[in-house]
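Taken from TrEMBL, the feature [4Fe-4S] cluster binding site covers 62, 66, 69. Summarising the annotation, TrEMBL assigns (3R)-3-methyl-D-ornithine binding site to 137. According to TrEMBL, the feature S-adenosyl-L-methionine binding site maps to 162, 182. Taken from TrEMBL, the feature domain 'Radical SAM core' applies to 48-273.
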Ligand code: 5AD
Ligand code: FES
């Protein structure tokens, strides 16, 4: 095991069999060995600074019906909402005061917001907060639309590939969605010039360790600037309501592996990780993550943006989450910093 971990650390790559070997044989002792290396790698690139992204969940309308997701169109129990440009800007104002210099606009695939609407929101944020980055997380749109968002000033785009196996993709999504289109979107975003984030859920229904090994190979090949990974957590109104959640251990392992695969990538310690374990986000940082994404959405809508059950922070004011996270990071020797936290290519492997 040590030899394989050393190879990953030194070459930033492994083949499928080697990934499978780690995934199958990983235990507490090898964990200590791997996390020491992944943590040191993150420290080398970012020091003990943790970047923040203020997450604004601006719509929970969605045209899609992904089987795992609580805001899918087929969930008739979901109470739907949309935020106006002014409401979004009010979130940014709060976030800016709290020290956030990246705003993430996340929503379901909601074509109520035309390209012009999205562009108007991007331009208003950029005009009001010129030292801030804007990240979009609004799903699959056309190449032309992506180009227009970029021209309007959007800096980054998050679009998880969810699984890099065609068959698995079909088990998680309805026929209207395809892995090939998802990947095409990712390549379009990259070609346009966005800092791009992809990623996948850990422990999603039907996921095998072969699938995970393929995900790692895809991530290495695509080389995104950001990689989002969190445990799958069931939502009561979906067909996966009774499926088990993904595990803390496997999620941490994957954070550690991806840190070694792409040393200077931006990796969030996700809210989902904080949901399955009360210290999940701290553990994610200690495994090699370097980003947290506190919720900036108005408290009145937070519970409605429910992708999975028992999501944390849905009752807290933005300032409380900011303090809470600062304290949590302090408790493990890290600090939240006031910084856009852009991707920096680095030869400091
Ligand atoms: N559990 C965990 N993560 C989920 N997501 C969607 N539904 C769930 C769930 N039930 C993730 C998807 C999506 C991101 C915004 O949230 O990976 O890309
Ligand atoms: Fe929201 Fe701790 S981060 S309450």
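Placed from the backbone N, Cα and C atoms, the Cβ positions cover glycine too.
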Minimum Cα separation from residue 66 ([4Fe-4S] cluster binding site), reported as the residue among binding-site residues 137, 162, 182 that achieves it: 162
Neighbourhood of residue 162 (S-adenosyl-L-methionine binding site), C-beta criterion under 8 angstroms, separation at least six: 169, 172, 173, 182, 200, 201, 204
Binding-site residues whose CB lies under 6 angstroms from ligand 1, from 62, 66, 182: none
Mean of the pLDDT scores, which run from 0 to 100, over the domain 'Radical SAM core' (48-273): 98
Sequence-distant neighbours of residue 137 ((3R)-3-methyl-D-ornithine binding site) in its chain (C-beta under 8 A, six or more apart): 104, 105, 106, 107, 157, 158, 159
Where the residue listed as '(3R)-3-methyl-D-ornithine binding site' falls in three-state DSSP terms: strand
Helix, strand or coil at residue 162 (S-adenosyl-L-methionine binding site) [DSSP, three-state]: strand
Residues near residue 62 ([4Fe-4S] cluster binding site) in space but at least six apart in sequence (CB under 8 A): 69, 71, 72, 73, 107, 108, 109, 110
Cβ-centroid neighbours of [4Fe-4S] cluster site 62, 66, 69, 8 Å, sequence order: 64, 65, 68, 70, 71, 72, 73, 108, 109, 307
Residue 66 ([4Fe-4S] cluster binding site), number of other Cβ atoms within 10 Å: 21
Surrounding CB atoms that lie within 10 Å of the CB of residue 182 (S-adenosyl-L-methionine binding site), all protein chains: 20
